[in-house]
Amino acid sequence: MKTVQFCFLFCCWKAICCNSCELTNITIAIENEECHFCISINTTWCAGYCYTRDLVYKDPATPNIQTTCTFKELVYETVRVPGCAHHADSFYTYPVATQCHCGKCDSDSTDCTMQGLGPDYCSFSEMKE
């Protein structure tokens, strides 16, 4: 019984005290307006949990900064979108996370909304793999 209690307490401690913000594989849809279709590519991005809290009573003197699992470092990769017209720009550059951390969401480079369209959203009806 003590082993079960220890395991339970250890899991609770791990969930509360330790962040699990890490690199994960995702599939994103890239689209080009001149090509009129999307392609799916695999990349890495940050996902997981970060310690955060939302105060019941807001104090203007104390900033309430929510942390989120976001990239610490990233690189950019470029792919050629096949099947585009010759006059169209057939190259697409996308970010690839190389290191993650729990930090403030930077709205200059990241979609910080509560619920976005998702990485696999395509505005065209045709999706090519």
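Glycine residues also receive a Cβ, built from the backbone N, Cα and C atoms like all the rest.
The disulfide bond annotation in Swiss-Prot covers Cys21-Cys69 (among others), and the record cites similarity to another entry as its basis. For Cys21 (disulfide bond), the same-chain residues lying six or more positions away in sequence with a CB closer than 8 A to its CB are Cys46, Ala47, Gly48, Tyr49, Cys50, Cys69, Thr70, Cys100, His101, Cys102.
Under the heading disulfide bond, Swiss-Prot lists Cys35-Cys84 (among others), citing similarity to another entry as support. The number of other CB atoms found within 10 A of the CB of Cys35 (disulfide bond), across every protein chain shown, is 21.
For Cys38-Cys122 (among others), the entry in Swiss-Prot reads disulfide bond, with the evidence type similarity to another entry.
Look at Swiss-Prot and you will find Cys46-Cys100 (among others) tagged as disulfide bond, backed by similarity to another entry. The secondary structure of Cys46 (disulfide bond), as reduced to three states from DSSP, is extended strand.
Taken from Swiss-Prot, the feature disulfide bond applies to Cys50-Cys102 (among others). A 10 Å cutoff on Cβ-Cβ distances gives Cys102 (disulfide bond) a total of 18 other Cβ atoms nearby, all chains included.
In the three-state DSSP reading, Cys105 (disulfide bond) counts as coil. Around Cys105 (disulfide bond), taking its Cβ as the centre, 16 other Cβ atoms fall within 10 Å, counting all chains. Swiss-Prot lists Cys105-Cys112 (among others) with the feature disulfide bond, giving similarity to another entry as the kind of evidence.
Per Swiss-Prot, N-linked glycosylation site is recorded for Asn25 (among others). Annotation note: Asn25 (N-linked glycosylation site) sits in a strand segment as assigned by DSSP.
All protein chains included, Asn42 (N-linked glycosylation site) registers 9 other Cβ atoms within 10 Å of its own Cβ. The N-linked glycosylation site feature in Swiss-Prot is assigned to Asn42 (among others); the stated evidence is similarity to another entry.
As annotated by Swiss-Prot, signal peptide applies to 1-20, with the evidence given as similarity to another entry.
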Asn25 (N-linked glycosylation site) to Asn42 (N-linked glycosylation site): how many Å between their Cα atoms?
7
Nearest to Cys84 (disulfide bond) by Cα distance: which of the recorded positions Cys38, Asn42, Cys105, Cys112 is it?
Cys38
